[in-house]
Amino acid sequence: MRGTTTFSLSAILDSRDSPAAALPTAEEEEQFTDYNEDETYGEVSRIIGSRAAADNGRGMEYLIEWQDDHAPTWVPSDFIAKDVVADYETPWWTAAKKADAAALAQIIESSDGRDVDAVDENGRTALLFVSGLGSEQCVRILAEAGADVNRRDKSGGLTALHMAAGYVKPAVSKLLVEFGADPEIEDDRGKTPLSLATEILSVTPQLQFARRIGLDGVISVLDAAIYEFAEVEEVLDRTGKGENVEYLVKWRDGSDNEWVKGGVVSEDLVTDFEAGLEYAVAEGVLGVREGGDGRKEYLVKWSDIEEATWEPPENVDPDLIKVFDEMPQPNFAEQSSS
């Protein structure tokens, strides 16, 4: 006959001195059973592993080693004495909330079966805390240990990148992107890290120079990450000045024209635009001649200009020149004198 489920009010802490080799591997952990309320368990010996609960993303489950002959069992935190959980979790959260890189590294290296994506009551992980605090070292330690850089908390759908953007940490934002953080994940308000930083910048007083510079840094990092694989074909317009300059750009892949921060556009295109150059699409080369400096010039037909113009080679698509050169050509001297 089965008795009532019992748990001790405190763990037998001496057993925590057992060697790390006795702890289960990840493969072994998957074989352990979940807690059964109809079964009787003995005294808790210690926690030998943790994982975020899959159901709501807020709670935790712990792999319990029992003093009797029961195999280790995954038990929801609600069924474990608070002091047992505190002994296991307090060092971790203290290190995270203080951005103590040495302490975090030591805990991770202890191989105590800990889930680096452990969550607090708000569904926030250690990575979210250290990102908001701006600790590059802690972010690197957690990311290299396998922390999910795109995990959203349950209080507002914030990611680590939202935290870095909101707390104005450009260096951490850049590091998170390097570890694969997605700059286009939206929080519960529909804000991406970029739109969050832009929103904060818009209400930051002009006199708060350092904060505004930091926000500009965050925005530049996120802009660059979002548009990393998109190539600007030409600059169409400009608005703003200095640190607030933005350009209306045409994308080479045919995407809709878009206003972007200045840092996204190559210096060559910006220089050309600022110099007042106009862009047009060449349809073909109609002729060739020798210019006044002895160099060749090509007569180019444009898609959006009725009159063809003579252009130096550097202003003409090399493929169009190649097509023209492969065609039967009229006498060069005749064209030169025309």
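Cβ atoms here come from the backbone N, Cα and C positions, even for glycine.
The following features are taken from TrEMBL:
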| type | residues | note |
| --- | --- | --- |
| REPEAT | 122-154 | repeat 'ANK' |
| REPEAT | 156-188 | repeat 'ANK' |
| DOMAIN | 230-259 | domain 'Chromo' |
| DOMAIN | 280-338 | domain 'Chromo' |
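Residues 212-213, 216, 265-266, 269-270, 272-273, 279 of the same chain, all 6+ positions outside the domain 'Chromo' (230-259), place their C-beta atoms under 8 angstroms from a C-beta of that stretch. Through the fold, the repeat 'ANK' (122-154) approaches residues 56-58, 92-93, 95-97, 99-101, 104-105, 108, 116, 160-161, 163-164, 166-167, 169, 171-172, 175-176, 179-182, 185, 187 of its own chain, all at least 6 residues removed from its boundaries and within a Cβ separation under 8 Å. Over the domain 'Chromo' (280-338) the predicted model carries a mean pLDDT of 77. Sorting the domain 'Chromo' (230-259) by DSSP state (H, G, I as helix; E, B as strand; all else coil) yields 3 helix, 16 strand, 11 coil.
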